[in-house]
Amino acid sequence: MQTPGKMKWLWLVIGAVVMLALPQLVTSSFAIDIFIRILLFSFIGVAWNLMGGYAKQLSLGHAAYFGLGAYTSTIMQVNYGISPWIGMVAGGVVAMLASLPIGWLCFRLRGPYFTIATIATAQVLMLIFLKFRDFAWGAEGTTIPNLGSAPLMMQFEEKSSYYYVVLGLLAVGLWITHRIEKSWMGYYLVAIGEDEDAAEAVGVNAPKIKRDIYMISAFLTALAGTFYTQYIYFIDPATAFSFNVSIEAALVSIVGGIGTLWGPVIGTVLLETTSALLQSWLGSSVGGIQLTVYSLILMAVILWRPTGLIGFATDVYHRTLRRKPARA
Amino acid sequence: MWETLAQAVINGLLIGGIYALVSIGVTLIFGVVKIVNFAQGEFVMIGMYISFFLATQFGIDPLVSLVVSMPVLFLAGVLIQHFLIRRVLGPNDMPQIFLTFALSLLLLNLSLMLFSANYRTVHTSYSDEAWHIGGLYIPLAKLIAFAVAMALSGLLWVFLHTTDLGRAMRAASQNRDVAMLMGINPNRVFAVAFGTALALAGAAGSLLMPFYSAYPFVGQVFVLMAFVAVVMGTLGNVMGALVASLMMGIAESLGIQFVGADSGLIVVFGLLLLTLAFRPSGLGARRGR
């Protein structure tokens, strides 16, 4: 049944070589820009999937941590000249700490009302950053001072360097997910996702596990926030706490395959490629077309393939090659 | 000072009536069908556009167009329940949350494509009318909207408590399995609940049109209010949602008056977070359960 261990490693090495060589082979900056978006949202999706996918705590408020990461590193850089590399980790820690009170509140609710509470927390953070103008530039936001080529300040002249940074982030995110998946924590998470009461009844400390995974998920999401701000050289509350970040984090995981290692990556490739094609086709003049298409894809997946593209691919693989019924 | 306070309370109460129509819909669907309709706000938006087009194309008063928007949205609700929601009912939350969420995204972005992001307004003869009662200012359009909203809520209450179908809906919301055993047809009850909720959202849209602009994102404002009101008023509780909505309207208005023009939402979310912290089961929950 399983792919032999050696084959797995071979595929992984081939994949890594291709990903490392890609920016050298494809030099169009438009294409690299799309690759960076794909890697970035895959990473955010991976971070969301840890909590949303395995433990089924369906957050639509991950923009809160994306924004906190972005603001922490930017405030440290612009006001105190501290490198965003340090700011990135600091932002992750801030996000982790913020996830404690936010989780304390939101985990009091289950199912859809947990989702709504997470939306509210991200909105509150955005409103706080919008409202208090002497604190972090208010609604106008700020540009990041451009230092030219300054790798120590996470600024590069070549777009491909950003590509490698976010590729590294994604690799870390996937590695962490893989480790968790294979650990006792992974099994506890899945148990909570299947049926929280039943999991607690057999001795899983659900509140603690949920708190821990929320902290890890928040930490990773914050790293993405720092990277994104450095990449676009700009920050304001509307981009940092954008609801679209929360939506896309959840969407890529669900479309790709919720609660699977590679699901968020596959989902992002599909959604971002679709979005790039639509843009080159219609131009960016038609507002709303991207999310219209995303929502149609999401509905189709939910109605016909709740296991996502990964589930679909496994089904097809088993039917055509193995001639064995796929697991439900 | 007291006049400012009273004025803020009146303003909040009047808009709270509209919030109530949206929240009652959300809580009705949650109570009976056991799902949260993330797209409820988008149906308010559709109600507004229906009234807008009837007013600009045929000169029909938005209040009169209530008789179009409500049945149209009722029908839409029955169809959505039958063809979409019915397929994802079950113990698993994920498909339910993200199906209605996808519906919300779809309707919002479709209307963005079709109608653009422009603000649309309808000017009626009573849009600028207002009563002055001892220094207080009561805009007529908002007063009418509030009165109709309360009348519709009252009608719903009568429907839920005196008709067989209404009683079946309440039974289904209290204990679905037992209600099914008693011979209640779940699909019919669910379809009526969903349709009724959407009709209320449509009514809210039509009632808003004389004094509020229609634009694709308008529903988001109302749905957030409704979600907070539904949590505060105890999930699935119609009276709780009504009272909480009026309170939220007042809280928002006081926030705007005394904290700052853009702080209404902060006050509302603050209320939500306080509710979660101290009364997570809502203000209407029975004590000593």
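Using N, Cα and C of the backbone, Cβ positions are placed for all residues, glycine too.
Nobody curates TrEMBL annotations by hand; they come from automatic prediction.
Annotated transmembrane segment per TrEMBL: B:12-36, B:43-60, B:66-85, B:97-117, B:137-160, B:189-215, B:221-246, B:258-278, in sequence order.
Away from its own ends, the transmembrane segment (B:97-117) comes close to residues 35-39, 41-43, 45-46, 49, 80, 84-85, 88, 215-217, 219-220, 223 of its chain (Cβ-Cβ under 8 Å, at least six residues beyond either end). Where the transmembrane segment (B:137-160) meets the stretches B:12-36, B:43-60, B:221-246, B:258-278, the count of C-beta pairs under 8 angstroms peaks at B:12-36. Across B:12-36, B:189-215, B:221-246, B:258-278, stretch B:189-215 shows the highest tally of CB pairs under 8 A with the transmembrane segment (B:66-85). When each of the listed stretches B:43-60, B:189-215, B:221-246, B:258-278 is scored by C-beta pairs under 8 angstroms to the transmembrane segment (B:12-36), B:221-246 comes out highest. For the transmembrane segment (B:258-278), the residues of the chain that approach it from at least six positions outside its boundaries are 8, 224-225, 227-228, 231-232, 248, 251-252, judged by C-beta separation under 8 angstroms.
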